[in-house]
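Contents: one structure, followed by commentary.
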Amino acid sequence: MLKTTWIALVLGFWSSVYLIDVFLKTKSHFNESYQNLQQRWGFQILTAQIRWYTTRLNRWIFRMGQCFPKFTFYWFEMGMWFGIICIFASVALLVMTLLKAFTEEKPEQVLTPVMPGVNVPVQHLSYFFAVLLVSGVLHELGHAIAAVREQVRINGFGIFVMVVYPGAFVDLHTESLMAISPKRQLKIYCAGIWHNFVLVLLGIILLVSLPTTMSLLYTTGEGVVITDLAKNSPVAGPRGLSIGSRLKSINGCPLLTADDWGRCLSATVFYPQNGYCQQIGKMQDVDNTVQLYKGLGGQVECCRNDSASDLCFYYQIGSSQENIQKKYQCLTARKTTEAARCHKNSDCLQVRKTVCVHPSLDNTSRLIRVLHDKGPPVLYVGDPYLFGFTVSVSGYIPKYNILPFYLPQTIDTFCKYLISLSGALAILNAVPCYALDGQWIFQAFIESYLTSLIPNPLDRQAVNSLGLLFGTLILMANVALALFTLLFT
């Protein structure tokens, strides 16, 4: 889907929500009942944002904060030191990214803006929203539980969706928060990014141990199975591939693992199209009723337009470079691709006067032959990228029929998004930048550990302001650089 289409859909959705909200608030017939409904359920509609706020979780959060006091003390103590390290690590990372952007031709992007429908596939939107919601909720629960641990009152907890990004927030009692020492404040402020980091570790552990944990239910190394097939896939259909099909090979390249799928598809793109050995004596002469003509892609065609089973092939004959002749022959594609593969005439058995015939295709198209377990080989002629993008496979094959094909792939994809997005939240929130956790972490760090080095409160305030200004500027510069790279390169 085009970027402009996604933007139009998002604008249309939020415009409709805003108009409905205004209509219900301005009409006297609905006004009172609508506001009562909002208060009862705790939801609120703002500009391009929907919020849900509740106090019903306060008691549960309070109990969580009171459980295992010794464990939570060391837990949030570790989180505090992790947050302090992250302040300097995140700033160093952003500065290095900017320096590389101006000194290297193709620098690696540390920050990449995540835009659903632009650089997040449509089929991955559920992972995107679920991971952001889980990361945001556990981030804020970290703040809330640490606040209870430090005797800070909680007013409430909420979840929101802003434009296309879900998140969460915790409402702490400001006066009780300001009344505790800066070090105790620091534990509360660092708890969010600490929980994001723990989520990253859990995601890595689960991802690495996935083959072992799934070995009881799934087999690996014996092929790949289709877990999803786009509706517009050129290989879908009654005589094509289907979900659950076990794929054996692509153009003779064996498929044993999910990595083989990407490797074999890449081979069809970056290596020359293979040909097939055919005996000259058994090939029919070119039908004179169909003259050679150029197709839409500039390739030579020698078959009728209404033929779905035939394909134009070419071969070269001649003993030297001067007298090499290129001939074209319309052949049945399925029967031809059953022959031995080759790249040149010498690859074939010369005793039978065989030649190597190649499909006559444009530069972006390939003839792909897919062996699978549910029928005859599937032949595809077209862009291999389109073929690869519309087919999702997994290297995990169920041992029992009741097991879903997609479960290991779902866990694998979820873990990868969890590592990426939760890690990004930890890095971004650690930057000493206005409106982020880093603003309060940096301030509490100065008041906790730099009072002896900078005894004057005004000097500490100046250091805090300069640090926040610097952090905000480098973060904005990195975001601008990442947006420019995404949209214009």
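Glycine is treated like the rest: Cβ placed from N, Cα and C.
What TrEMBL says about a protein is an automatic prediction, not a curated fact.
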For this session: Could you check which of 59-79, 122-142 is flagged in TrEMBL as transmembrane segment?
Result: 122-142
Exercise. What range among 154-174, 427-447 does TrEMBL record as transmembrane segment?
Worked result: 154-174
Seminar exercise, completed: Averaging the pLDDT values of the domain 'Peptidase M50' (127-405) gives 89
Seminar exercise, completed: Per the Cβ under 8 Å criterion, with at least 6 residues separating them from its ends, the transmembrane segment (466-488) contacts 91, 94-95, 97-98, 101, 109-113, 115, 118-119, 428, 431-434, 438-439, 442, 446
